[in-house]
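K.L.:
Please see the structure below; I have some questions.
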Amino acid sequence: MMGAADKAELGFEEDDDMVAGTAPPAMKMQSLDFEHIGSLAAVAESLSPRSKWRMALRSIRIVIFHAKINVLLPFGPLAITLHYLSGNHQGWVFLFSLVGITPLAERLGYATEQLACYTGPTIGGLLNATFGNATEMIISIYALKNGMIRVVQQSLLGSILSNMLLVLGCAFFAGGLAHPNRDQVFNKASAVVNSGLLLMAVLGLMFPAVLHFTHSEAHYGKSEVSLSRFSSCIMLVAYASYLFFQLKSQRSLYSPIGEEESTEDEEDEKEITQGEAISWLFVLTIWISILSGYLVDAIQGASESLNMPLAFISVILLPIVGNAAEHASAIMFAMRNKLDITLGVAIGSSTQISMFVIPFCVVIGWMMGEEMDLNFQLFETATLFITVLVVAFMLQEGTSNYFKGLMLILCYLIVAASFFVHVDPKSSDNK
């Protein structure tokens, strides 16, 4: 071993930092400089045009080419082409538009789920419900512009029925098969609040219908419209209060079960960036808006050429396509044992349509000069009331299994058959 004197004699100088096992300040600065230069280089590389193109192509590959359902995308341009060809092609335009919107609605749900990965489960469920309902809202506004009030009412009613019975039923059924040995658990408090809001929506829809059919209006033909507009404003206030209550005031009470595990899982689910998800939401919404215009224009002609009741098309066929996003995401989350997000998508979507979209359409119709009201007729209102009661009983225990899902699906089949044989009253009898 060399002593300190021997080292000094041979020209070695021993630094105190070396003895202590730490690098000298100069070496530390040099190391930090290299790290800083490396990070700057990475940022510069990400901002370069070549890198942006690479990221855009990667995003297109993930969103467009990874999903098998996108083989249906060409049906959209085909519907537009048929619309401008001579001849009676309304039935084909309607069917092709319906098929073409389906993958767009599913991809809209995917982009929403990706955005939800950056926002957390509670807001994620709200985002899923909101953008999942974008298709229905766009179709409704186009129909309102064309004065097709019954189509708006029936398609929105059908969307509620589809979400509560078909979407939730399929999710419970798939989740139960994926976890057959035990019941799946969800936050009962949130389900009870949503059930209460749905019953409030039934209340808002029931009184204009009862007022009309009992002929007890103070001003015939005007009182039900005035009551509908007043009730719609109240329902919008109630829904805004619900959002504040859920997201701000009582957030911890309504946080999903297993939220911490869910947050960890979401890190692995991120496939596109937050900015890319927002961009895709914008692009897909525009394309759905374009196809919705052709779809609405072809509804009446399709009903005649396909010899199918307009009520069945509006209540059953349109919502199944519009709910493609909710359907796919609700089943996926249920199979992953994330029942709270499933309920946020299915029941949350029904709540949003009944407490926000329907009142919003009444207000928009008011601004357009259209007498859109909450009188959905007795048959439709009774169907909604029974459906809300059935689903409320299913949710009261806070558990789900495949048998509950099967019962909801079978209930939806009964509803679908009922509307297939239901003849909508003539417009002259409605007002």
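Note that Cβ sites are derived from N, Cα and C of the backbone, with glycine treated the same way.
Pasting the relevant annotations from TrEMBL:
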- 62-85: transmembrane segment (TRANSMEM)
- 92-247: domain 'Sodium/calcium exchanger membrane region' (DOMAIN)
- 156-179: transmembrane segment (TRANSMEM)
- 191-214: transmembrane segment (TRANSMEM)
- 226-245: transmembrane segment (TRANSMEM)
- 277-296: transmembrane segment (TRANSMEM)
- 278-419: domain 'Sodium/calcium exchanger membrane region' (DOMAIN)
- 308-334: transmembrane segment (TRANSMEM)
- 341-368: transmembrane segment (TRANSMEM)
- 374-395: transmembrane segment (TRANSMEM)
- 402-423: transmembrane segment (TRANSMEM)
K.L.:
What else in the chain is close to the transmembrane segment (374-395), if you only count residues 6 or more beyond its ends and a Cβ gap under 8 Å?
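P.N.:
153-154, 157, 160-161, 164-165, 168, 188, 191-192, 195, 198-199, 202, 204-209, 211-213, 224, 227-228, 231-232, 315, 343, 347, 358, 362, 404, 407-408, 411, 415, 418, 422, 424-425, 430.
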K.L.:
Taking contact to mean 3 or more CB pairs closer than 8 A (sequence separation of 6 or more), are the transmembrane segment (341-368) and the transmembrane segment (62-85) in contact?
P.N.:
no
K.L.:
Let me spell it out: take the transmembrane segment (226-245), skip the flanking residues so only those 6+ beyond its ends count, and list any with a Cβ under 8 Å from a Cβ in it.
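P.N.:
For the transmembrane segment (226-245), the sequence-distant neighbours (Cβ-Cβ under 8 Å, at least 6 residues beyond its ends) are 126, 193, 197, 200-201, 204, 207-208, 211, 219, 351-352, 355-356, 358-360, 362-363, 366, 372-375.
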K.L.:
Counting by DSSP, what is the helix, strand and coil composition of the domain 'Sodium/calcium exchanger membrane region' (278-419)?
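P.N.:
Summed over the domain 'Sodium/calcium exchanger membrane region' (278-419), the classes give 119 helix, 2 strand, 21 coil.
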K.L.:
Which residues of the chain, 6 or more past the ends of the transmembrane segment (277-296), have a CB below 8 A from one of its CBs?
P.N.:
59, 63, 76, 79-80, 83, 93-94, 97-98, 100-101, 104-105, 107-108, 111-112, 114-115, 118, 131, 134-135, 138-139, 142-143, 146, 148, 151, 318
